[in-house]
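These notes are about the structure you will find just below.
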Amino acid sequence: MTVTVKMLVTKVKLDVVYATDDLLEKEITTSDISRPGLEMTGYFDYYAPERLQLFGMKEWSYLTQMTSHNRYSVLKEMFKKDTPAVIVSRGLAIPEEMVQAAQEEGIALFSSRVSTSRLAGEMSYFLDASLAERTSVHGVLMDIYGMGVLIQGDSGIGKSETGLELVKRGHRLVADDRVDVFAKDEETLWGEPAEILRHLLEIRGVGIIDVMSLYGASAVKDSSQVQLAIYLENFEAGKVFDRLGNGNEEITFSGVSIPRIRIPVKTGRNVSVVIEAAAMNHRAKEMGFDATKTFEERLTRLISKNEEGK
C-alpha cells in the first residue's frame, strides 16, 4: 500500500506550516521515525533522511540555544530531498530558520499540539499498519461477536452465502472473495477488503449485493483482527473429522499463526449457526473455559471410578 504525506496529515491531524501539493503527495517508505540528536551537533554519519523527522521539547530546546547561523546550517544539512516530512510537536514555536530551510530544500513542515511520545505512537501505529506487506487470500472475513473469523473453503461451497446469513443474524461483513491480510506485529493478524470490493458480497444466482445499502452501516466493518480461520469442506462418508475439538490445527499468514477449524458441510446443516458456536467456543477457550478439556476430565474420572468398583 502506498502511503503519502497527505494521508499521514489527515490521519493524525497535523497542522500545515509549509507544504505544496507535490510535497503532500510525497511517498513515505518506512514506519521508522527519527528524533534528531547528534545530527544537531553536525554529526551526520548513519543519518537516515528517508525517515520522518520529529522534533520534541528536547530537540527544540537545543535548537533555540544555537545561534541563528548555526541553526540554519544544521537544519539545511538535515533536510534532504528523501525526507518525507518534518514535524514539531507540543505546539512549540517553529524557528524561522526551520521554515526557511524547509522551503529552500522542498521539505513539508508540520506542527502538532500533541505530546511527542503520543504523536510518535500514533504515527508509528498508522504507518506500521499501512506499510505492512499484504497477502491476498480467498475467503470471507466476518466480525462475529467482536471476533474476526476468516471463512475459507473450496469454490462453490457457500462461503458468501454463509457470510450473508451471518449478516442477517446481526454480524458484520469485513471482506468477501479477496481478503488482504497483514501482520500488525509478531502476534497480531489483521484483514481488510480490496477497495473495489468494499461492502460487497457476490451471491451465485443473485449477483453482487451492497451489504451496507441493504442492511445498514452496522452490518459492515472496514477492517478486523483475524483471530480464527474456519475451513468449509464437503462431507464425505468415511472421512475422519475432529469431533472433540482438540485437533489444535493452525494456519499461518504473514508469519502469524491462528487456529483453524474444519467444518464438514452437507445438506440440511445450518453452517452459519455452527460458525457462531465455533467463534464463541474459541473465545471461551481463550478465557480459560475449555469444554473438550472438561469432558476429558469427566471421562477420566468416570473410568477411574469404574475401575475402582471392579
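Backbone N, Cα and C define each Cβ position, glycine as well.
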Would you please say which range out of 168-173, 222-227, 264-269 has the annotation region 'Important for the catalytic mechanism of dephosphorylation' in Swiss-Prot?
264-269
Give the three-state DSSP assignment (helix, strand or coil) for SER155 (ATP binding site).
coil
According to DSSP, how is the region 'Important for the catalytic mechanism of dephosphorylation' (264-269) divided among helix, strand and coil residues?
0 helix, 2 strand, 4 coil
Roughly how many angstrom lie between the C-alpha atoms of GLY153 (ATP binding site) and LYS159 (active site)?
7
C-alpha of ILE157 (ATP binding site) to C-alpha of GLU202 (Mg(2+) binding site): distance in Å?
13
